[in-house]
Ligand SMILES: Cc1cc2nc3c(=O)[nH]c(=O)nc-3n(C[C@H](O)[C@H](O)[C@H](O)COP(=O)(O)OP(=O)(O)OC[C@H]3O[C@@H](n4cnc5c(N)ncnc54)[C@H](O)[C@@H]3O)c2cc1C
Ligand SMILES: NC(=O)c1ccc[n+]([C@@H]2O[C@H](COP(=O)([O-])OP(=O)(O)OC[C@H]3O[C@@H](n4cnc5c(N)ncnc54)[C@H](O)[C@@H]3O)[C@@H](O)[C@H]2O)c1
């Protein structure tokens, strides 16, 4: 096997596999992972998508990524969430056959000629001229022009079961012990975050007949246009906490490492532990829990919403307070994990370390939470790392392009002091950047980046031409003097209703018909948002280059400090930094117009 590659990716989680998969388009890649059997493993719930996250998966898919394909192939329960709400917040959520998900992901990466899998624990990164050397704990020296670090929750990982803790990256897997020091020596200041997972219950000990059943959509959807063969083969279920659950938690809070003060890491606000929910929302009489199967031949169910770091002996008792779980047997106990993360503000918008050029970071190690956020970043870091290795110019995603742009912009310019979760509310123009039009927004850019082929560009182009012809047909036909598009804009009318009036449309598939409907019904909003965006885009087209912010006297001290730290590339990015006010942007504009651009080097 070679000892030098274009790109080395460290970590085979959701970020690592997307990085390696994207980078393979440009040349040789090594995927270094402690245990190749764990590639693509889902350490928490076996589900992909959901609000804010499905949009990321559709975008990753439009950019040639893996997550949507693997999720489609292994789907066992599919639901379109918020189906009755507007298209901006509709989101696909797919439950997966957990083990098969990892197997399928492994088939993709192992079946790729340009990609070598190297078993080993990366211990250090050493600069080697223009290259980097990755040194493994067993002394191997692997060289590449760029490195992507996607080590998840493993850096100095410490798991907690009640107040007992041990060094682990996650349950049953050793932590990554040495890489943190490399990052610290390079100048990064690491933070500690924590996340947790609920107990897994033996399926044959659950009384499913006492739970509320949530059927899968009868006509399942998919990320890639073709639902997998088993996409609607199982329901999921719901249950609730009871007063006894809350009482037990309140009485035993001192046994929680969080409340006893043993854990210093910050946990995810949007996926709190059950202890947190009971304390913070003490006025809620009960909390909803989802019961998710891990496969069709379910041996285990996942209790979504019941993350805990209380000791195992209490977990048995707690679980049995839930309706349907009176005789439940815990198969794997809930736990929390604390780990080192890099402050995302110390990265560029391509997730490259500002201190270690050529080293890119992606996923949970950057302070995000969730498979989808990890996958999206992995793709960005993989492409950027490979382009650097191939001496291709840097290209950047824009915030206005969609969820991926927002994720990068938020992480790098604003930062986050808790695990970052993507949400639709973070996206200003969400009616423009929906899950249904990810391909329209990103296919061409993916082609420019080098990860989408010509035939895909043509396929997507033809799809949108058909959608356009459908809209044109509506505009051209009238019933009772009213055009087809005006009929369709009436809230009570669907495309089928308009056809029932006698109007005809060219042949369109289901996705295309929906696209016509969304575009016509929301035309007013979409136009208004586009105009708003054009106005904002003008500030994003003002390049700041290597402007010396110290040479702009009218800037406030705070703004100068924030600008120097974040080094935004455009005026629009500068305006989005917390601490940079309107007056500071005016000062920058005046300075730029006066032509007094001063290079940092001069
Ligand atoms: C307990 C727990 C609960 C979670 N709950 C959820 C959830 O319910 N839903 C959700 O969306 N997200 C959840 N997450 C987060 C989710 O697992 C991550 O967001 C996602 O898996 C992150 O992907 P990643 O690629 O960044 O890292 P990971 O999936 O953690 O992958 C890290 C990879 O790096 C490898 N590695 C680490 N260090 C080294 C090294 N030095 N050398 C070589 N290889 C190395 C590991 O072997 C592994 O392959 C949870 C995570 C944990 C651990
Ligand atoms: N344990 C952690 O530390 C951690 C951290 C971050 C994220 N997460 C996970 O990230 C994922 C996304 O976060 P989230 O909390 O917003 O959840 P989600 O996106 O899975 O749920 C949002 C909505 O989806 C629907 N839903 C959820 N589960 C369902 C099911 N089984 N069947 C049908 N509909 C369902 C519900 O309407 C719910 O309100 C979750 O799976 C969560 O467990 C976990």
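A Cβ is built for glycine as well, from the same backbone N, Cα and C atoms used for every other residue.
According to TrEMBL:
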BINDING   11, 12, 13, 14, 15, 16  FAD binding site
REGION    217-237  region 'Disordered'
BINDING   267-281  NAD(+) binding site
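The binding-site residues near ligand 1, defined by a Cβ under 6 Å from one of its atoms, do not include any of 267, 279, 281. Taking the C-alpha atom of residue 15 (FAD binding site) as reference, the shortest distance to any of the binding-site residues 267, 275, 277, 279 belongs to 267. When the Cα of residue 275 (NAD(+) binding site) is compared against those of the binding-site residues 12, 13, 16, the shortest separation belongs to 13. Excluding the listed site residues 11, 12, 13, 14, 15, 16, the same chain places 9, 17, 18, 19, 33, 39, 150, 151, 152, 362, 363, 374, 378 with Cβ atoms within 8 Å of the centre of the FAD site Cβ atoms. Rounded to a whole number, the distance between the Cα atoms of residue 267 (NAD(+) binding site) and residue 11 (FAD binding site) is 22 Å. Of all Cβ atoms in the protein chains displayed, 32 besides its own lie within 10 Å of the Cβ of residue 11 (FAD binding site). Listed in sequence order, the binding-site residues among 16, 271, 277, 281 whose CB lies under 6 angstroms from an atom of ligand 2 come out as 271.
Per Cα geometry, 271 is the residue among the binding-site residues 271, 273, 277, 279 nearest to residue 12 (FAD binding site). Sequence-distant contacts (6 or more apart, same chain, Cβ under 8 Å) of residue 277 (NAD(+) binding site) comprise 284, 287, 305. When the Cα of residue 14 (FAD binding site) is compared against those of the binding-site residues 267, 273, 279, 281, the shortest separation belongs to 267. Residue 14 (FAD binding site) falls within a helical segment according to DSSP. Cβ neighbour count within 10 Å across all protein chains ranks 13 highest among the binding-site residues 12, 13, 267. Secondary structure at residue 271 (NAD(+) binding site), as computed by DSSP, is coil.
DSSP assigns residue 277 (NAD(+) binding site) to a helical segment in the three-state reduction.
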